[in-house]
Amino acid sequence: MVIKLGGVLLDSEEALERLFTALVTYREKHERPLVIMHGGGCLVDDLMKKLALPVVKKNGLRVTPADQIDIITGALAGTANKTLLAWAVKHDINAVGLCLGDGNTVSVTPLDAALGHVGKAEAGSPALVQTLLAANYMPIISSIGITKDGSLMNVNADQAATALAATLGADLILLSDVSGILDGKGQRIAEMTAQKAEQLIAQGIITDGMVVKVNAALDAARSLGRPVDIASWRHADQLPALFNGVPIGTRILA
């Protein structure tokens, strides 16, 4: 099972406490191994503000010029990754902090020259992660990738999680601030097909970063040939059930 963490989760001690408590509860009761995938957009935005650097997004993806990729790598593969690792240590979970490039776990190529150092993620080699899981470690993987020519790349974490799930043949959960996809009245949609998603995007109900999230989930469901869950980390008591396959947010159907 791949669990992708997003939103302000990394900024909130209360949220991290809830999440890691749920992870401990799950691991005590269930055998299926977990892999954590994370971005850290809020953290990067804060850092950019402190350094007075512009934040530019194009179709929900962060434009990453050559003079910013080192900073973004430091925030995601450094601060965000090691913060999550620290929480795992605090909760007695044996974890290992990685990026997409470790063991070529996720293969990354440049996505679009106009976006700069932004990578496209595709399935890579499962060997390293499988070795760690077999030894009972929980991998925590940041969305920084490395191309074949050694360039660092910022990868959208939803898309990275999809490629990671494809690499491992695993189920995927996209955890964020929202309890799923909402309709025009703010009500949670329990199940979503590609047709329904296209309709809501055309109507302007699904917008901005949520378009990227929904498209990533649809791509994942199609490429994995299995449903993908979008859910909120806020419902901590429901998380162990979610990690065991019970939908609590929006289930994206292939």
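Glycine is no exception: its Cβ is also placed from the backbone N, Cα and C atoms.
Counting only same-chain residues six or more apart in sequence, the Cβ atoms lying under 8 angstroms from the Cβ of Gly40 (substrate binding site) belong to Leu10, Ala75, Leu76, Thr79, Ala80, Ser142, Ser143, Ala157. The substrate binding site annotation in Swiss-Prot covers Gly40, Gly41, Arg62, Asn154 and is backed by sequence analysis.
Summarising the annotation, Swiss-Prot assigns ATP binding site to Asp177, Val178, Ser179, Gly180, Ile181, Leu182, Ile205, Ile206, Thr207. According to DSSP, Ile205 (ATP binding site) is assigned to coil rather than to any helix or strand.
Its own atom aside, the Cβ of Lys4 (site 'Transition state stabilizer') has 30 Cβ atoms within 10 angstroms in the protein chains shown. According to Swiss-Prot, the feature site 'Transition state stabilizer' maps to Lys4 (among others).
What Swiss-Prot records for Lys213 (among others) is site 'Transition state stabilizer', and it gives sequence analysis as the kind of evidence. The Cβ of Lys213 (site 'Transition state stabilizer') has 24 neighbouring Cβ atoms from other residues within 10 Å, across all protein chains displayed. Secondary structure from DSSP puts Lys213 (site 'Transition state stabilizer') in a helix.
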> If you count Cβ atoms within 10 Å of the Cβ of Gly41 (substrate binding site), leaving out that atom itself, what do you get?
Replying inline: 22
> For Asn154 (substrate binding site), which residues of its chain lie six or more apart in sequence with Cβ-Cβ distance below 8 Å?
Replying inline: Arg62, Thr64, Ile69, Ile72, Thr73, Leu76, His117, Val118, Gly119, Ser143, Ile144, Gly145
>> Using the alpha carbons only, what distance in Å do you get between Asp177 (ATP binding site) and Lys4 (site 'Transition state stabilizer') once rounded?
In response: 12
> Taking the binding-site residues one at a time (Ile181, Ile205), which has its Cβ surrounded by the most other Cβ atoms within 10 Å?
Replying inline: Ile181
